[in-house]
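Student: When I checked Swiss-Prot for this same protein, it listed these features:
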- Cys114-Cys196: disulfide bond (DISULFID)
- Asn18: N-linked glycosylation site (CARBOHYD)
- Asn102: N-linked glycosylation site (CARBOHYD)
- Asn192: N-linked glycosylation site (CARBOHYD)
- 1-38: topological domain 'Extracellular' (TOPO_DOM)
- 59-77: topological domain 'Cytoplasmic' (TOPO_DOM)
- 98-115: topological domain 'Extracellular' (TOPO_DOM)
- 138-164: topological domain 'Cytoplasmic' (TOPO_DOM)
- 185-212: topological domain 'Extracellular' (TOPO_DOM)
- 233-281: topological domain 'Cytoplasmic' (TOPO_DOM)
- 301-306: topological domain 'Extracellular' (TOPO_DOM)
- 39-58: transmembrane segment (TRANSMEM)
- 78-97: transmembrane segment (TRANSMEM)
- 116-137: transmembrane segment (TRANSMEM)
- 165-184: transmembrane segment (TRANSMEM)
- 213-232: transmembrane segment (TRANSMEM)
- 282-300: transmembrane segment (TRANSMEM)
- 307-326: transmembrane segment (TRANSMEM)
Amino acid sequence: MANRAYLEQKQTQCSIINSSFSMTHRDLPTLTLSGKIRVMVTFFLFLVSTAFNASFLMKLQRQTQKKEEVKKLTRMKVLLKHLTLANLLETVIVMPLDGIWNVTVQWYAGEFLCKALSYLKLFSMYAPAFMMVVISLDRFLAITRPLAVKSNTKVGQSLIAVAWFLSIVLAGPQLYIFRMIYVEDISGQTGNFSQCVTHCSFPEWWQEAFYNLLTFSCLFIGPLLIMLVCNAKIIFTLTQVLHQDPHELQLNRSKNNIPRARLRTLKMTVAFATLFTICWTPYYVLGIWYWFDPEMLNRVSDPVNHFFFLFGLLNPCFDPLIYGYFSL
């Protein structure tokens, strides 16, 4: 992240004809020691996340293919299946792309893959964030509107479809704003260094700021606020129920409006929101800092930049552990 951000910061000329700009050789990004460590950790997390999420999907598949009869997954397990698919998508796209790009430093894959992979990267980051929102909304409705949810079995399916649709649409601008650029030496000759960046894609600075703010809001702030509101409302509703009839709840939870299994899924939903917040907050705080103060790259060390990004990659690795802990 730091190398490519630094490269865009150094862009001082814009040529739509040849998509090139001037830079001295010593300004070009290189693979540092901290970058090598980031690559190794990234591929390790790739293996861990792939193994964990694939194992959970296989477990769900076995549950639907019993010898006696084909069993239908519960609504919660369907939601978890889509979250796992989204996590796998993020794992197989974001992690290898980041690892390989940090090794090569520059972009060798051409204009088409520059746009396509930039689109897929953002799409695969939107999907798990939106799926966690869907799970929070589903649990919120299950507690506050249990009869309505039970009578309308398509609520969960509709929320899932909306989440995938928004992921596809909101990542669309990546196909336009990302492009390949080439570095010129001080004599004006185009060199051999190429990169995939958003150079000259926004005519006005406020347009880029607006797009960055929109992306940040949809990837982090929006999902986080929705999850917090849903979980707060759930806890408030549970507190009211416990205060209204605590004796009956203790004697027979299985017949209560909030059975033991539902309480377990609620705890899991809170765990998802907590993990999402812990993993991604450092990364996005660093991103906001860079938007308002690009010179921060000269003050924050490379190891710190790499660490914050790697912290975000822990999210798809730990989600399956949450499934396992709550024994769903």
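Just so you know, glycine gets a Cβ as well, placed from its N, Cα and C.
Tell me what's around each of these sites.
Tutor: Other Cβ atoms within 10 Å of the Cβ of Cys114 (disulfide bond) number 21 in total over all chains. DSSP gives Cys114 (disulfide bond) a helix state.
In this view, Asn102 (N-linked glycosylation site) is surrounded by 22 other Cβ atoms within 10 Å of its Cβ, with every protein chain counted.
Counted within 10 Å of its Cβ, the other Cβ atoms near Asn192 (N-linked glycosylation site) come to 8, all protein chains included.
Within the model, the topological domain 'Cytoplasmic' (59-77) carries an average pLDDT of 69.
Within the same chain, residues 3-4, 28-31, 35, 38-39, 42-43, 46, 174-176, 178-180, 193-196, 309 sit at least 6 positions outside the topological domain 'Extracellular' (98-115) and bring their C-beta atoms closer than 8 Å to a C-beta of that stretch.
With a cut-off of 8 Å between Cβ atoms, the residues of this chain six or more beyond the transmembrane segment (39-58) that come close are 80-81, 84-85, 87-88, 91-92, 95-96, 98-99, 102-103, 310, 313-314, 316-317, 319-321, 323-324.
Residues 122, 125-126, 129-130, 132-133, 136-137, 139-140, 166, 170, 269-270, 272-273, 276-277, 280-281, 284, 287-288 of the same chain lie 6+ residues outside the transmembrane segment (213-232) yet bring a C-beta within less than 8 angstroms of a C-beta in it.
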Student: Measuring Cα to Cα, tell me the gap between Asn192 (N-linked glycosylation site) and Cys114 (disulfide bond) in whole angstrom.
Tutor: 17
Student: Is it possible to get the count of other C-beta atoms within 10 angstroms of the C-beta of Cys196 (disulfide bond)?
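Tutor: The answer is 22.
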Student: By DSSP, how many residues in the topological domain 'Extracellular' (301-306) are helix, how many strand, and how many coil?
Tutor: 5 helix, 0 strand, 1 coil
Student: In the same chain, which residue numbers or ranges, 6 or more beyond the ends of the transmembrane segment (307-326), come under 8 angstroms Cβ to Cβ?
Tutor: 1, 38, 41-42, 45, 48-49, 52-53, 55-56, 80, 83-84, 87-88, 90-91, 94-95, 98, 128, 264-265, 267-268, 271-272, 275-276, 279-280, 282-283, 285-286
